[in-house]
Amino acid sequence: MRVRRGPLREGRPWRLSHGLVGLPLALIVAVTALDISSPTTIHLGPFLVAAPALTAAFAGARLTGVIGALAVAAQILIGHLHGGLTTANHEAQIAALFVLSVLVTVFRYARDRHQRQLSQVRSVAVAAQQVLLWPLPRRIGRLRIESAYIAAEEEAEIGGDLYAAVPVPGGTRLVIGDVRGKGLPAIGEAAALIGAFRGSAYRNLPLPAVAAHLGNSVFWNLAHAPEEYSESFVTAVVLDVCDDGPRIEMVNCGHPPPLVLRNGRVRSLEVTDPALPLGLTAPLESDYKLESFAFGPDEVLLLYTDGVIETRDRSGAFYPLTDRLAQWNEPDPAALVRRLHDDLLRYAGGNLSDDVAVIAITRPPEYAAR
């Protein structure tokens with residue numbers, strides 16, 4: 001499962017603009033008609049400035065400028081019909097309306113330009129991340145896996161969430177992590193870490209050695225990065241789901257702990273000696289402690305990034321992940337991920353402020369019995 005919002009569009013749809021353009025036009029006609037029919041002591045022309053301002057709310061700079069020009073023309077017509085086009089009052093109204101229309105048009109042009117630039121940058125980041133985050137197979141070895149990447153709202157920068165899984169002798173090896181930072185630098189660091197993970201996984205190294213390899217890779221990359229990116233780091237969990245018994249072996253590098261679901265109960269896989277996030281030091285293998293946890297065929301393992309637990313509702317309350325999982329008691333990984341996705345968006349009011357990566361894993365009984 002992969003969920004992503006599309007790139008920003010450069011302007012509002014033409015049909016929407018075409019449908020709403022009648023509002024400022026109607027306003028210009030109404031103000032002009034009322035002003036012409038009113039006594040010369042009553043001046044309704046200043047209300048014409050609402051026409052370009054209203055247009056800027058739903059249309060681009062070009063249409064805003066056209067409506068502004070029509071409003072100025074209407075003001076000139078009013079002055080002419082009232083026989084006082086050259087009076088100081090009408091000249092001031094025309095000049096003020098012209099200046100305000102130009103300012104509104106320039107503002108809309110600047111906003112459109114910013115949206116185009118944001119769209120281009122985000123499109124590049126999205127393309128890079130799509131290459132980086134391959135959808136995980138739904139079957140790896142003896143496991144059923146469902147993964148999801150949920151993109152943040154369009155105005156937010158792409159994050160550095162990452163995950164990968166590979167079969168290794170005796171089980172399946174996975175990593176899930178989150179790079180501190182946003183945009184292309186974070187994606188580049190995530191790509192380097194995933195490359196290092198895949199390159200080391202097939203060497204059948206023990207997990208502490210894999211974690212040390214990843215830590216040194218991130219540390220070396222950051223040491224040669226521009227100064228503004230040199231203080232980044234990566235939180236990650238590296239784990240093996242073993243085939244020869246109902247257990248997980250894991251190294252946690254400052255990442256939110258995985259959760260195990262069973263019969264409406266949620267168990268947090270808290271390690272007793274967590275390591276530092278990757279990239280803060282040049283680590284040794286001895287810096288990482290391997291810990292084991294039970295994981296049976298009737299349980300669901302959930303890996304996630306901190307975007308899940310840091311999602312807030314309108315009141316500012318954090319998303320209650322553990323409570324939700326216990327309430328749902330969902331044993332199917334695909335159904336669990338779909339339900340989590342829908343509930344996160346509903347909780348956040350439709351838009352997430354940070355990207356989210358989730359992996360749900362089960363070990364079917366027919367495989368566990370082998």
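Just so it is clear, glycine is given a Cβ too, placed from its N, Cα and C backbone atoms.
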Listed range which TrEMBL flags as transmembrane segment, given the options 66-86, 192-212: 66-86
Beyond the flanks of the transmembrane segment (66-86) by 6 or more, those residues with Cβ under 8 Å of it: 21, 24-25, 28, 31-32, 35-36, 40, 45, 48-49, 51-52, 55, 59, 93-94, 97-98, 101-102, 104-105
